[in-house]
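To keep things clear, I will list the structure first and then write my remarks on it.
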Amino acid sequence: MEILMAIIIGVLFATATYLFLSKSILRIIIASGLLSHGAHLLILTMGGLKKGAVPLVNDIGVSVTDPLPQALILTAIVISFGVTALFLVIAYRAYQELGTDNIDKMRGTEENE
Amino acid sequence: MSALHLAILMPFIFAFFVPIFYKSLRKIHTGWIVLFIPVILFIYFIQFIPTLLQGKEIVRSLPWIPSLNVDFTARLDGLGILFALLITGIGSLVVLYSIYYLNKDKEQLNTFYMYLLLFMGAMLGVVLSDNLIVLYTFWELTSFSSFLLIGYWYEREKSRYGALKSMLITVFGGLCLLGGILILYVIAGTFSIQELMTQVNVIVNHDLFVFAMVLLLLGAFTKSAQFPFYIWLPDAMEAPTPVSAYLHSATMVKAGIYLVARMTPIFAFDSSGLWVWLIGGIGIFTLFWGSFNAVKQTDLKAILAFSTVSQLGLILSLFGVGAAAIHYDIDENIYTVAIIAAIFHLINHATFKGSLFMVAGIVDHETGTRDIRKLGGLMNFLPITFTVALIGTLSMAGIPPFNGFLSKEMFFTGMIRVLQLDIFNMETLGVLFPVLAWVGSVFTFIYSMIFVWKTFGGSFQPEKMEKKPHEPPIGMLIPPVVLGSLVVIFGLFPNALLGGLIESVAYSVLPKFKYEVHISHWHGFGPELYMTIGVIVIGFALYQSQGKWKKIYDLFPKKLTLNKLYDSFIPSLETGSNLVIRSHMTGYLRSYLAYIFIFFIGFLGFTMWSMNAFVLNTSKVGEISIYEIVLSLLIVIGCITIVFAKSRLTSIIALGAVGYTVSLLFVVFRAPDLALTQLVIETISVALFLLAFYHLPKKFRHPETRRFKLNNALIAIGVGLVVTLLAISSYSTKLFDSISQYYVDNTYDPAGGENMVNVILVDFRGFDTLFEISVLAIAGLGIYGLIKLRLARRSEK
């Protein structure tokens, strides 16, 4: 299972990297979304998968999966949402100011050069 | 921290306060306040002389970076005190002189005195540090302060040129010196000069010894303006004259000589003779070349600059030849005379050259020109200045009874005795030493005569001068008069005044011998006397017939000078480095991202490979069910769709699909909280994307070449591969136990919750969550600001 996940994580990272290197700003924002998915799964996989029950306190003494990575990922999901939202607005504003979404052509306008 | 450390640091500390004095006490010339520092330090150092004359030395240690063997050890011995007295003594006179030279209403005095104090402290640090790394630090500081002082009148093109030139050459040498120091450390495992001296046998027989020596000497030769690095010194004359007198004649340029002298007890044991030949040879050739070129100069300061180059060569050659003495085991060692001559001439040069620089400054100040073609007949207008100039030049030319004569005679003695050395092929090629020494001395005589007679003798040409000349204010005369008097006094009573000091300095340079300095005015009819008479006769004849032989200077092709070489080298260096920078600093963010990714692949991949970090442990892996295979396939398909999607909508939907699949995976992985959060967040994200969708351009993809895509794909696959390997290895290795058990045990009691993830988030790591919310709030504010800003600007328009 972990090996399969490792490969999936690799695919997510590779796709994200490829999109990061492209010219369109929307694709770059998509890349950041994929990268955070990859990172979250990476944290989870590193701790070991399916090692026990859902991390809830129980009386019968069943061992549970590691709750700590889950707590970390929960924080990370929210943060990555904030980042994506900010990126989107910056992309939108940049397009309005500069008239392009091609990052190679974003060289500042005449007034702020 | 001892008083000795404080003495070194005092100029630095005081330099901080100079701007305050300058701002708050505008009516007083800042120089008067600064003057206290060198005077106090001079008095402080002079009280050590009785102790040092008894053969003791003062060592004070201050730990600085013990883990790197770098301690700020201050060591005051004969050599150190000689330089410390020169720095503070000449420093006092120069500051006094500068008060009259620099107008307090027109010049930026605060920066000038700050730089000057910076230099003073740095120079004291160089000569009093026992640790080579500390020495090197101060060494570079002297280069920097010299740069700042040469460029003091920075609005002048020539000042900037000279400053940069001196900086580039001396810092190049400084870096070589650092290399030499590090090699010495590799050999002996210490930066302390005293400890290095105890390991001479190890050092001299080491394979790297020659490299250490050559690098060290490059540092010394660039600093002391030896051939072929001397070209920066004439251009450094663009500095104000007090600076030229101080840095570029009396002290800083002697740092190279100091280094050679300081290192002699270690390097002189070199059995190949390279030390003797390199220093002696370069020194004696520089003596000849500098004096030869000084004759053709027309600017007073240029004459003095080349003269300084040549005199530094003289002193260095003496130290070089004198080092050979260590290979002879005789009590009455006839070769040590070179060392004594070198030390004696070092002192003499500071006195007569210092006074001559000040004379040149006075002439410039009073007439508005330093060009000897315009000057002449000033004898009657500046009688005191003329007297000082005459004494200084006669001493420089080696005419009795001045101090320069005594050291010049000893110099001849030292060079003649080279012929009696029977090591290092000295008996054959060594004949060049006395010959070059004599020829150089003839030219020294000629330019000395030019300096004094073209300025003060001949016919007065008032129409060529800007001002009507008269004697300068008394304060400007005191420093050169003091130095001129020293020239006479040292000339008359050398043994009584300097004998002890020279002995203790010589003992620092070659500790093997017992010295009894006896400098005599009359040696009898020996070769030295005939050489001096020859210098005077031939020099006088050549001075009189200058017009007939000066054409030989035109024989040298103008295009082949060292300056031309430097001038063509610097622009090509600039274009070269520009080319290198432009080749990778493209200005495109994407290129830099690509570098980061490539570095990530290379660095991480290499580390994993070299550390054997890749581990595959399949013993504990969980089983794979059909759901997981399906979900994994969904993610892969989503990724591929995003990469190849032609429209924006497709890629946004595919991103959403990947997100929802991940949340389903969280369900499978027993993480219901994550699954729920991911589900909500993904929904909002997709909605946001679709919102932005309307505002972003229709054209989603930009034309990309096949090569561009291939490169990116390669980098992407590399990153994916490395991350996969990393994930597998980090899962398979457990270096230490998980800290999670603590949270598991405490969730119910005392934290009082049942959902462990929730309890961790709001109880154990409550601050984390708080800051997470803060981040969201900041992002929200940013978004709000970005949108509001546009509206505000629109309404303005």
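The backbone N, Cα and C atoms fix where each Cβ goes, glycine too.
Copied over from TrEMBL, here are the features:
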- B:6-25: transmembrane segment (TRANSMEM)
- B:32-53: transmembrane segment (TRANSMEM)
- B:65-107: domain 'NADH-Ubiquinone oxidoreductase (complex I) chain 5 N-terminal' (DOMAIN)
- B:79-100: transmembrane segment (TRANSMEM)
- B:129-420: domain 'NADH:quinone oxidoreductase/Mrp antiporter transmembrane' (DOMAIN)
- B:134-154: transmembrane segment (TRANSMEM)
- B:166-188: transmembrane segment (TRANSMEM)
- B:208-233: transmembrane segment (TRANSMEM)
- B:274-295: transmembrane segment (TRANSMEM)
- B:334-363: transmembrane segment (TRANSMEM)
- B:522-543: transmembrane segment (TRANSMEM)
- B:592-612: transmembrane segment (TRANSMEM)
- B:624-645: transmembrane segment (TRANSMEM)
- B:633-698: domain 'MrpA C-terminal/MbhD' (DOMAIN)
- B:652-669: transmembrane segment (TRANSMEM)
- B:710-788: domain 'MrpA C-terminal/MbhE' (DOMAIN)
Summed over the domain 'MrpA C-terminal/MbhE' (B:710-788), the DSSP helix, strand and coil counts are 62 helix, 1 strand, 16 coil
Contact set of the transmembrane segment (B:522-543) with the rest of its chain, CB cutoff 8 A exclusive, min separation 6+ beyond the ends, reads 397-399, 405, 408-409, 412-413, 416, 434, 438, 441-446, 449-450, 549
Same-chain residues at least 6 beyond the ends of the transmembrane segment (B:592-612) with CB under 8 Å of its CB atoms are 584, 711-712, 715, 718-719, 722, 725-726, 729
### Contact call for the transmembrane segment (B:134-154) against the transmembrane segment (B:166-188), three or more Cβ pairs under 8 Å
yes
Of the listed stretches B:32-53, B:334-363, B:652-669, the one with the highest count of C-beta pairs below 8 angstroms to the transmembrane segment (B:6-25) is B:32-53
What DSSP reports for the domain 'NADH-Ubiquinone oxidoreductase (complex I) chain 5 N-terminal' (B:65-107) is 27 helix, 6 strand, 10 coil
